[in-house]
Amino acid sequence: MSLDEDNRWLEWVTKQFESIAGDDKEIDLDEFKTALKVKESFFAERFFALFDSDGSSSISLDELLKALNLLIHGNETDKLKFLFQVYDVDGQYTKHTQHFKLMLYLFAGSGSIDPDELRTVLKSCLRESAISLPEEKLDNLTLALFESADKDNSGSITFEELKAELETFPEVMENLTISAANWLKPPDLDQKKHQTPRYLTRSYWHNNSRKLLFLCGYTCLNVLLFVVAMLRHSYGGGWFMVAKGCGQCLNFNCTFIMVLMLRRCLTWLRATWVVRLLPLDQNILLHQIVGYAILLFTLVHTAAHVFNFVWLSESSEYTLWEYLLTTRPGIGWVKGTASVTGVVLQLIICLMVLCSSTFVRRSGHFEVFYWSHLSYVLVWALLIIHCANFWKWFVVPGLIFLLEKIVGVAVSRMGGLYIVEVNLLPSKVTHLVIRRPQFFHFKPGDYVYINIPVIAKYEWHPFTISSAPEQSGTSHLCQTPMTDRKDIVFTVRKTNSFFVNVCQCYVDGPFGTPTRQIFASEHAVLIGAGIGITPFASILQSIMYRYRRRKQNCPNCSYSWCENIKDSDMKLRKVDFIWINRDQKSFEWFVSLLTKLEMDQADEEPEGRFLEMHMYMTSALSKNDMKAIGLQMALDLLAKKEKRDSITGLRTRTQPGRPEWGKVFQKVSEENKGKVHVFYCGAPALAKVIKAQCEHFGFNFYKENF
């Protein structure tokens with residue numbers, strides 16, 4: 001922290017203290033725990049005892065600020081002594097009742113830390129970080145840290161030995177100042193940073209050039225259509241002109257929104273040069289933008305007609321309600337139904353937009369979104385009746401759309417597809433194994449829509465393909481009688497699980513995603529948050545398959561044993577895989593595949609590893625939190641000793657907390673392996689953070705959507 005940040009932080013702490021403290025201007029242990037927001041009371045009690053300098057069983061504001069000033073402005077030795085006192089509990093924590101715990105902490109420790117004290121602290125660290133390890137593993141962690149720190153083999157750790165041990169972990173020493181004041185962080189609102197809005201930066205415009213140019217063209221086209229339609233109907237007055245201008249824009253947008261969801265056409269276009277000109281990978285975002293544009297145009301179109309009808313009703317035999325809700329005025333090319341169909345269209349479009357909102361789709365009401373969205377067929381039918389010219393806009397895209405649907409139905413009904421295995425994995429992941437038909441060909445990262453009639457006869461849900469196209473089968477099905485069959489594995493997040501022995505299903509697809517750009521990259525960074533890892537299962541396997549084939553060269557003459565893989569098929573020189581999970585259990589379902597990928601790179605290569613993995617567990621306290629320093633040191637030491645991470649069992653060490661994206665991308669940039677493409681799948685909030693960092697470093701960013 002800078003000096004200004006320190007002062008602002010202390011001011012915030014003072015306000016927090018005053019809001020918690022009562023009339024006596026002091027806080028007790030329970031209030032201190034509330035302020036700390038810790039899961040494990042051990043650290044709260046230790047900190048409270050060390051802050052309570054007069055032993056009054058309460059902390060005054062003066063005592064708190066004195067301790068915090070020492071931790072913030074004190075030298076390195078002061079902070080290390082505080083950490084040592086936290087660990088030096090004399091073993092009495094586990095030998096006395098809760099009533100005496102606080103009083104015991106008021107006495108000075110023994111001046112050294114024995115194995116029992118260290119084990120007590122590490123056990124509390126594990127609870128605080130929501131990490132579950134067997135007692136044997138906890139003993140190994142304690143032994144690893146104790147043996148490393150006890151330099152003289154005296155059976156206890158002194159302050160000087162702890163200091164020497166900490167100095168072997170540079171990142172701990174670097175963050176010690178931050179960690180000392182990490183329990184009462186000021187809110188983000190108090191840390192205002194004056195920065196140029198990202199939308200005004202040069203890097204943002206460079207990295208979003210295709211989307212911005214497309215939106216500019218889209219906007220200009222709508223303005224042109226609006227103006228031309230207004231001029232052509234200038235004879236009808238101002239409101240009539242506005243209504244006709246919006247109507248012409250609706251003719252275009254109600255057709256264009258369909259074009260953006262032609263999945264087969266878009267999948268085909270992704271393999272052509274068009275992908276370099278148009279933002280095909282952002283078709284869903286553009287679909288949403290066009291949807292909101294339709295809502296806006298319909299509201300203005302309807303309002304303009306209402307005002308126009310008010311004006312007409314003053315000089316005609318028909319009332320306003322007759323103009324709006326009857327066919328008597330004869331407005332419209334199909335028996336005067338323009339007004340009635342217009343009202344119905346307005347209601348349906350508003351309902352579709354409402355049911356498409358995030359809070360509906362993400363709150364367990366996907367069926368509401370799904371079935372309301374199917375009313376697009378009714379919208380198109382009503383538009384043909386409502387507007388005399390709509391069919392001219394609709395006929396060509398409509399035929400393509402119909403052709404796609406016919407092909408989809410035909411493809412999904414070809415061959416007998418059966419689900420042969422269903423597993424409910426951690427993180428609410430449903431894992432299906434489906435017999436792969438001979439005609440089914442896909443690329444890494446593709447997805448399909450699956451219909452399971454016995455569950456929901458008319459519902460189709462997106463499933464990510466998690467097996468690689470190069471795989472001839474799956475290991476857990478090799479024991480079946482049909483040993484020559486090819487299987488395909490699909491993974492999807494679902495709230496409810498189902499269990500079947502052998503179940504018939506229909507598959508529509510595959511459809512391409514932004515991840516198809518991975519093999520055209522030089523340095524790919526794959527980022528999955530939680531269940532967002534599923535698209536990368538297929539990709540990682542395919543990458544390593546191609547990498548192994550490419551590396552089978554003679555060391556003497558450079559002769560290749562596999563000539564059907566050319567350099568143009570995969571330009572990748574480096575892959576960084578980042579997986580962020582909430583808790584320890586979320587790693588379990590994907591670990592077996594990651595272990596296999598690690599084994600493919602058992603030995604370090606001259607230019608470094610081709611595939612690097614980075615695991616993050618957000619529930620674990622980060623290394624810049626004083627409560628976690630001992631645990632993270634122990635996990636590091638044991639990982640080096642066993643060559644395996646204690647949390648996941650991988651060789652890759654699981655990092656606590658969230659990634660510091662600035663440092664992560666700075667390291668990627670310094671590796672200088674070529675143009676960097678970042679592929680992300682996960683929560684939209686994190687996507688914004690990562691995208692902003694990509695724009696800062698000049699990386700291309702792709703967000704997985706289906």
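Along the chain as shown, residues are numbered 1 onward.
Including glycine, each Cβ sits where the backbone N, Cα and C put it.
Residue ranges 331-356, 409-434 are listed, and TrEMBL annotates 331-356 among them as transmembrane segment. Highest Cβ contact count with the transmembrane segment (368-391) among the listed stretches 212-231, 289-311, 331-356, 524-543 falls to 331-356 (criterion: pairs under 8 Å). Residues 288, 291-292, 294-295, 298-299, 301-302, 305, 323-325, 368-369, 372-373, 375-376, 378-379, 382-383, 385-388 of the same chain, all 6+ positions outside the transmembrane segment (331-356), place their C-beta atoms under 8 angstroms from a C-beta of that stretch. Counting same-chain residues at least six beyond the ends of the transmembrane segment (289-311), those with a Cβ under 8 angstroms from any Cβ of the stretch are 215, 222, 236-237, 239-240, 242-243, 246-247, 249-250, 253-254, 256-257, 260, 320, 323-324, 339, 342-343, 345-346, 349-350, 352-353, 356.
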